[in-house]
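Asks: Mind looking over this structure? Questions follow.
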Amino acid sequence: MADTQYILPNDIGVFSLDCREAFRLLSPTERIYAHHLSRAAWYGGLAVLLQTSPEAPYIYALLSRLFRAQDPDQLRQHALAEGLTQEEYQAFLVYAAGVYSNMGNYKSFGDTKFVPNLPKEKLERVILGSVAAQQHPEEVRRLWQTCGELMFSLEPRLRHLGLGKEGVTTYFSGDCTMEDAKLAQDFLDAQNLSAYNTRLFKEASQDGKPRYEVRLASVLGAEPAPESEVTSKLKSYEFQGSCFQVTRGDYAPILHKVVEHLEKAKAYAANSHQEQMLAQYVDSFTQGSIEAHKRGSRFWIQDKGPIVESYIGFIESYRDPFGSRGEFEGFVAMVNKAMSAKFARLVASAEQLLRELPWPPAFEKDKFLTPDFTSLDVLTFAGSGIPAGINIPNYDDLRQTEGFKNVSLGNVLAVAYATQREKLTFLDEDDKDLYVRWKGPSFDVQVGLHELLGHGSGKLFVQDEKGAFNFNQETVINPETGEQIQSWYRSGETWDSKFSTIASSYEECRAESVGLYLCLNPQVLDIFGFEGADAEDVVYVNWLNMVRAGLLALEFYTPEACNWRQAHMQARFVILRVLLEAGEGLVTVTPTTGSDGRPDARVRLDRSKIRSVGKPALERFLRRLQVLKSTGDVAGGRALYEGYAAVTDTPPECFLTLRDTVLLRKESRKLIVQPNTRLEGSEVQLLEYEASAAGLIRSFSERFPEDGPELEEILTQLAMADARFWRSPSEVPAGQA
């Protein structure tokens, strides 16, 4: 059996996303609009397979063929006849559900590979004796031969996503290193090109020098096309002694289907903002233009309080080892009016609350651009995982001048973050009942503050292409040094491009810290309906949840490579370190022995010291985070953040030893079953599925009823076209080198 780090257990939690009531309240036109947006999102989400690992598209195609020919119950009879036990077959279903849920064979949260928890030869018998194999023997055998070994392999480099020797990624060809990634970023900055919708492929040219292909995601490829803001960039460049070629057409047939449904959705848009938004998205995905996506995002920001909310594109850069390239995601959701009313009150108080943050006014945006902040019930979330809340768009220039939107995903929170007392780890018995009662309400508060005032706060000091500054060089003083500002962002530089590998985690840490800091404010607690003893319990559980999460985060640290695999969890560990450093017994982490005789630990938080000790420590830390971010001080930011993020076995906590305890007692992240929509005439039906691995598989088997086989062919052809970039030289057939 594989190490438990690399399998999904048979008893993994599986929950269905409930949006029935919110969908029922939509008008017929709104339902059709939501349907086409959902179709666009689901099609686009398939690109994530090509952004994850070389084998992921083949695994997806193999599973889809298998379960289209036989549903999980039918396949079960065949598997048992082939000699599998019930537990082994369930392990296969859980693996398949995991691949669908993560859009690949690496966990979206933690970037760790997971493998089937059954013997490879038994799974081979099931696959090659299946109805799918009887119908298409050559295709199924070829898929198995292509991905079977990699499906099970746990060679050290294949255990995690990463760059070069550190792991696997398909954002870069297999021979790219961190130095290549840095050079490519410098090239992109010099050409004023965004990395969000790109991948980087490296090959040796005839003179032995490296040649880099920067490939943009688009429907259009190399064929002649009308002049646009992108076509002038599609050429060869000499840059710092290397050749760069900018091309486009990545994921072209997938994006063609995305565009098709965005065009259809446009006919059912509620207003001109939505129409123009969709038109720009169509242009972005057709041309490969991030500038068009920015224009679409402007219209999206202006579309205040829509009944059907959505966003789509190459958005979050968490899984790019360099931190600049966006993973495709798309969501469609409906407004939850009760919780949205609370968030509206929080937005109304935002300017006042921003003044409470511990940095000088000059380090805050010149004008707070009042955003939309709604609680949504998700209908569709396509990508590698579903977050609890979102603050988008991620474009720095838009966020500073146009604003942003915040969304809290209410029906996701209801299932993904629910807590069962018997599964609670690392807490004293006295804390468990309180934690179970207040975890959900306190998390609502934390998500609201994190998204609105965490990600929504802070100014970046910028010098534009004309040399003008957005701050007063003479009067603005760095509060950490007492001197004038010495560093800033130049034209073309962004937070992601400058801080690269730490950007996502650093920003999540800043937002989480803002949430902890401002949840102490009585006005905030009143907005969410808490006062007196209840308000104090919400504060206590919010802080307790954060320090416990800091300990749980150790699961996502890789000692061999000395790196973190998940931005949010690294951020929470850093906060734990900050609060431990505050001293005076505010937080303690103590190794113990559990009732089962195995190693255990206890996290304790002294609630009487949260305000007197915790708040000042967090205040100092937050101010340093913001000042270093505002000034673009990469060296200072890295020194601060990487110092706190270091995991050692230094007493008294001995975190490396504690990591073994965390792994011993970890609980797998839940899988979420999402519904489908089906258009029948002018009516849209909502199709729901049971909360089980089999139910999740059925939801995907019915997701693409019109063109499932075609999509599998598209995915495998796209994967094969680039396969040489991840093979060792000896594996590349003649003529493909």
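Including glycine, each Cβ sits where the backbone N, Cα and C put it.
According to TrEMBL, the record shows the following:
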- GLU451: active site (ACT_SITE)
- HIS450, HIS455, GLU508: Zn(2+) binding site (BINDING)
Asks: So among the recorded positions GLU451, GLU508, who's got the most Cβ atoms within 10 Å?
Replies: GLU451
Asks: Given the binding-site residues HIS450, HIS455, and counting only Cβ atoms in the protein chains shown, which has the most within 10 Å of its Cβ?
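Replies: It comes out as HIS450.
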Asks: Near the Zn(2+) site, what residues other than HIS450, HIS455, GLU508 in the same chain have a C-beta no further than 8 Å from the centroid of the listed C-beta atoms?
Replies: ASN391, GLU451, GLY454, GLU507, ARG510, ALA511, GLU512, VAL514, GLY515
